[in-house]
Amino acid sequence: MAKKIGVLALQGAVTEHLQALNRLGVAAAAVKTPADLDGLDGLIIPGGESTAIGRLIREQGLEEPLRAFFASGKAVFGTCAGLILCSADRSHAPDELRLGFIDIEVERNGFGRQIDSFEALLPFGDLPEPVEAVFIRAPYIRTSGEGVRALASIDGKIVAAENDRVLVTAFHPELTDDLSVFSYFLKKIG
Ligand SMILES: NC(=O)CC[C@H](N)C(=O)O
């Protein structure tokens, strides 16, 4: 059966992710309601504003369905704000959603205001070529727990990590023509 990947489509860089998946020949669907999760093999939580996306997840009744989706064994890829939402940060404000899909704690806007947006060619895990990475008010991973593998870092700050079913990047892979990080995520899906 062909894989089908959802892109959480509440706020942020949604279209670019759908287009990247289409370019890889993967069926992609926007996810706005719990029913949209049916039949998906994996989910991308895009960049945007983590506070806003978290609030909309709750307003749309998606928090428990997303937790159940993950608990059922599906794979999740969080980029930038999506990384923050997938984290298990214990120091955040209680009204801000953290799904705890990967045992990392994050520093939001971790590269500061001076350089709030930049691009880098980034060595990434075991990929043979560095990846094109666009950072926009990006977080970095401050601490990581058991089962988490760091995949990329800048100036000692971890900016990509994974566990068996979750990939997170602080950068936006959907904003370049380089699809290698998407292909890397697709390998997590059986
Ligand atoms: N490009 C992004 O997704 C930025 C993330 C944003 N700084 C946040 O904290 O949610």
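All residue numbers here begin at 1 and follow the chain in the order shown.
Any Cβ shown, glycine's included, is placed from N, Cα and C.
Copied over from TrEMBL, here are the features:
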- Cys80: active site, nucleophile (ACT_SITE)
- His172: active site, charge relay system (ACT_SITE)
- Glu174: active site, charge relay system (ACT_SITE)
- Gly48, Glu49, Ser50, Arg108, Ile136, Arg137: L-glutamine binding site (BINDING)
Have a look at the active-site residues Cys80, His172, Glu174 and say which one has the shortest Cα distance to Glu49 (L-glutamine binding site).
Cys80
Neighbours of His172 (active site, charge relay system) among the recorded positions Ser50, Cys80, Ile136 (Cα to Cα, within 10 Å):
Cys80, Ile136
At the level of the C-alpha atoms, what whole-angstrom distance separates Arg137 (L-glutamine binding site) and Cys80 (active site, nucleophile)?
8
When you measure from the Cβ of Arg108 (L-glutamine binding site), which residues in the chain that are at least 6 apart have a Cβ under 8 Å away?
Ser50, Ile84, Pro139
Rank the recorded positions Glu49, Glu174 by the number of other Cβ atoms within 10 Å of each Cβ and report the first-ranked residue.
Glu174
Students should find that the Cα atoms of Ile136 (L-glutamine binding site) and Cys80 (active site, nucleophile) sit apart, in Å rounded to an integer, by 8
Across Arg137, His172, listed as recorded positions, the smallest other-CB tally within 10 A is for Arg137
